[in-house]
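Heads up: the structure comes next, in structure tokens.
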Amino acid sequence: MEWLRSAACAEADPDLFFPVGTKGPALEDIAAAKRVCSRCPVTSECLAWALSNRQTSGVWGGTCEEERAALIRDDRLLAHLVERRPTG
């Protein structure tokens, strides 16, 4: 995870990226964490790492838990559709 040294969050409070809950103040923390991600040069690497390591908590690569779960579902659906696509 050498890319982590270049991450915008490297100097930020880690608690910001792991809010407790999904309502009220937690939503404010998620939005603040995403603002940090928006100026990060390694967002793609971070998101790829989170997806490949099945990170189910926190903000990674500018995405929250629900957004990553949707990406995984969409990826599985796409893989299934490609697998079943008729050839020839």
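Using the three backbone atoms N, Cα and C, a Cβ is placed for every residue, glycine included.
What TrEMBL says about a protein is an automatic prediction, not a curated fact.
Since this is a predicted model, take the numbers as computed values, not measurements.
Sequence annotations record features per position, and here TrEMBL assigns [4Fe-4S] cluster binding site to Cys9, Cys37, Cys40, Cys46. Here TrEMBL flags 8-70 as domain '4Fe-4S Wbl-type'.
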*Going by DSSP, how much of the domain '4Fe-4S Wbl-type' (8-70) is helix, how much is strand and how much is coil, in residues?*
38 helix, 2 strand, 23 coil
_Cβ-Cβ neighbours of Cys9 ([4Fe-4S] cluster binding site) (radius 10 Å)_ = 18
*Which one of these binding-site residues, Cys37, Cys40, Cys46, has the sparsest Cβ neighbourhood, judged by other Cβ atoms within 10 angstroms?*
Cys40
_With an 8 Å cut-off on Cβ distance to the Cys9, Cys37, Cys40, Cys46 Cβ center, who else from the chain surrounds the [4Fe-4S] cluster site?_
Ala7, Ala8, Val36, Val42, Thr43, Val59, Trp60, Gly61, Gly62
*Could you pull the average pLDDT for the domain '4Fe-4S Wbl-type' (8-70)?*
94
